[in-house]
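Q: Please find one structure pasted underneath; my questions will follow.
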Amino acid sequence: MDTARVYFGLKPPRTPGAWHESPPSLPPDACRCPRSHRLALKLSCAGLILLVVTLIGMSVLVRVLIQKPSIEKCYVLIQENLNKTTDCSAKLECPQDWLSHRDKCFHVSHVSNTWEEGLVDCDGKGATLMLIQDQEELRFLLDSIKEKYNSFWIGLRYTLPDMNWKWINGSTLNSDVLKITDDTENDSCAAISGDKVTFESCNSDNRWICQKELYHETLSNYVGYGH
C-alpha cells in the first residue's frame, strides 16, 4: 500500500507590523505647485493689501477735502463773532447817573454814612469804593464834584498793625499819587474834601464815591497803587 503523501504549503510567518502597512506614497511632485506660482501668489496678496491701503487713504483725503469748506466757513463765522464782540465792548456805556472817565464809571452817593457802609453800598452796585489811578483821575473827580464843602469816602484806609495806608485791594499807597502828611490816627479812612485828600475817623458820616470798570483790567495795572 502506497503511503499517502500529504504536502502542506508552508507560508512564511507574518511579522506583527505586516497588518498595518502604509499606503504607497505619491510621487514627490504630485501636489506641489511650482515655485514661480507661489511667488506670483505672494505678489498678488501684497498688491491687494497695497490697493486696500491706497483706497482707504484716498477716501480719507476725499472726506477732508469735502469738509474743508465747512471748516473754513466756521473759522470765518468765529472771526465775525469775535469782531462783533469787540465792537460791543467798545460801545459799552456807564449806567445812568454815573460819571464816565477813560475806562471807568464813577457814582457819587446822595446819602451819608460810615466808611464801612459806603463799602457795602458800592459792593451792592457791582462796584468798589474809588481807587485813584493817577493825578489826572483825581483832578477829574475833584472838578466833577459840585459840593466842594462835603467829604467823600474813597477806598483807602489806615490799617493796623501794619500802620500804613492801604487800598481796599490790599496794595499800599503810592506817594507819587497821594500824599498824606498829617499825623494819622488809628481807625482812619481817606476822603476827598474840596481840592485835597484828607483822613477822618472811619465811623464819621460822609458821602462816598463808587467806581466800576468798563473793561476787565487787573488792579495791578494801576500806577497809583503800590506793591
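Glycine residues also receive a Cβ, built from the backbone N, Cα and C atoms like all the rest.
Per Swiss-Prot, the feature topological domain 'Cytoplasmic' maps to 1-45. Positions annotated as motif 'LCK-binding motif' by Swiss-Prot, on the basis of similarity to another entry: 31-34. Taken from Swiss-Prot, the feature transmembrane segment covers 46-66. What Swiss-Prot lists as topological domain 'Extracellular' is 67-227, and the listing cites sequence analysis. According to Swiss-Prot, the domain 'C-type lectin' annotation covers 93-212, on the basis of sequence analysis. What Swiss-Prot records for CYS94-CYS105, CYS122-CYS210, CYS189-CYS202 is disulfide bond, and it gives experimental evidence as the kind of evidence.
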Q: CYS94 (disulfide bond) to CYS210 (disulfide bond): how many Å between their Cα atoms?
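A: Here the two Cα atoms lie 12 Å apart.
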Q: Could you tell me the C-alpha distance between CYS122 (disulfide bond) and CYS105 (disulfide bond) in angstrom, no decimals?
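A: For CYS122 (disulfide bond) versus CYS105 (disulfide bond), the Cα atoms are 12 Å apart.
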Q: Roughly how many Å lie between the Cα atoms of CYS210 (disulfide bond) and CYS202 (disulfide bond), rounded to a whole value?
A: 16
Q: Quick check on the domain 'C-type lectin' (93-212): DSSP residue counts for helix, strand, coil, in that order please.
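A: Split into helix, strand and coil, the domain 'C-type lectin' (93-212) gives 20 helix, 45 strand, 55 coil.
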Q: Would you mind listing, in sequence order, the residues at least six apart from CYS105 (disulfide bond) in the same chain with a Cβ closer than 8 Å to its Cβ?
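A: Correct list: CYS94, PRO95, TRP98, LEU99, ALA127, GLN211, LYS212, GLU213, LEU214.
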Q: Counting across all protein chains present, how many other Cβ atoms fall within 10 Å of the Cβ of CYS189 (disulfide bond)?
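A: Step by step: centre on the Cβ of CYS189 (disulfide bond), count other Cβ atoms within 10 Å, giving 26.
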Q: Using a 10 Å cut-off, grab the number of neighbouring Cβ atoms around the Cβ of CYS210 (disulfide bond), all chains included.
A: 25
Q: On average, what pLDDT score does this prediction assign to the topological domain 'Extracellular' (67-227)?
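A: Over the topological domain 'Extracellular' (67-227), the predicted model scores a mean pLDDT of 81.
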Q: Neighbour count first, Cβ atoms within 10 Å, every protein chain included; then name which of CYS94, CYS122 tops the list of disulfide-bonded residues.
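A: Of CYS94, CYS122, the one with the most crowded Cβ is CYS122.
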